[in-house]
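J.: OK, TrEMBL features for this one:
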type	residues	note
SIGNAL	1-20	signal peptide
DOMAIN	25-271	domain 'Endonuclease/exonuclease/phosphatase'
ACT_SITE	Glu97	active site
DISULFID	Cys120-Cys123	disulfide bond
ACT_SITE	His153	active site
DISULFID	Cys192-Cys228	disulfide bond
Amino acid sequence: ASRLALSLLVAALLLHVATTLKVGAFNIKAFGDTKMSNQTVANIIVSILSEYDIVLVQEVRDADLSAVNDLMDQLNSAGGPYSFLVSVPLGRTSYKEQYLFIYRSDVVSVLGSYYYDDGCEPCGNDTFSREPFIVKFSSPTTQVQELVLVPLHSEPSHAAQEIDALYDVYTDVINKWGTNDMIFLGDFNADCSYVTSSQWPSIRLRSLRACQWLIPDSADTTVADTDCAYDRIVACGTALRQDIEPSSATVNDFQKKFHLQLKDALAVSDHFPVQVTLKAR
């Protein structure tokens, strides 16, 4: 029996060494107590989020973290173990949102985090409505052992300027942490009326050779009848780009997956998650 136990342990360790890493970004419209109080909706959210090893949740409006703690309890009951890292409420007006990173603590760990300093908010010259809360992860199971995640939920009316300013965040991360193995992810509002084809040439992150835009302009990340590639994943750094599982960058159409009516899908969110997988070591 002990030999069986040992072989199972070895198998488990081998499994741990050779696991891919699935990363997602999901704008869960107005995530808070109201959304979590609808158990049907909460079950779908838990089911979606549990597909990921690291997932960025945006539009979190939960300053006391009651909904976040409820979500974490349900995630950990369903599987896990999951931990989280959440930003302070961010925004220029009384309307604030938080960035929430949920991650499998048996797969990755947090090495550090910081808020990008985008200028003086009271003076009105800050760049981002919700400045990126940047997190560095250790990922022992993938070829890239460390990666930096940079979230952005842009202000729609300033989407082009904010996406362009991600180039400055890119150089800031390099100066701070000495790596360009980073993933920019989130609801950039990067399409339709918010970013037009004439604006793309002046967006520096778009033409940066070190970075690859994994979710194409032709994608549709919206639940409703609109066809817009608002949500994006951009992978930078030679090592990280080589670690991307080919054709794994996709839109997670949960409406189709759970056979939902449009109104029931919209009760979850008006966005689909975007996702990508990193290859095992």
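Here the Cβ of each residue, glycine as well, is placed from N, Cα and C on the backbone.
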J.: Could you state the CA-to-CA distance between Cys192 (disulfide bond) and His153 (active site) to the nearest Å?
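T.: Their Cα atoms are separated by 16 Å.
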J.: Distance check, please: Cα of Glu97 (active site) against Cα of His153 (active site), rounded to an integer number of angstrom.
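T.: Here the two Cα atoms are 9 Å apart.
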J.: Could you state the whole-number distance in Å separating the C-alpha atoms of His153 (active site) and Cys228 (disulfide bond)?
T.: 15
J.: Which value does the mean pLDDT take for the domain 'Endonuclease/exonuclease/phosphatase' (25-271) in this predicted structure?
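T.: Average per-residue pLDDT within the domain 'Endonuclease/exonuclease/phosphatase' (25-271): 96.
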J.: Using Cβ-Cβ distances, find the residues under 8 Å from Cys228 (disulfide bond) that belong to the same chain and are at least 6 apart in sequence, listing them in sequence order.
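T.: Within the chain, Cys228 (disulfide bond) has Cβ neighbours under 8 Å at Asp191, Cys192, Asp220, Thr221, Thr222.
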J.: Starting from the Cβ of Cys192 (disulfide bond), draw a 10 Å sphere and report how many other Cβ atoms land inside it.
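T.: Cβ-Cβ neighbours of Cys192 (disulfide bond) within 10 Å number 15.
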J.: When the number of other CB atoms within 10 A of each residue's CB is tallied over all shown chains, which of the active-site residues Glu97, His153 has the maximum?
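T.: Ranked by Cβ atoms within 10 Å, first place goes to His153.
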J.: Return one of helix, strand or coil for His153 (active site), based on DSSP.
T.: coil
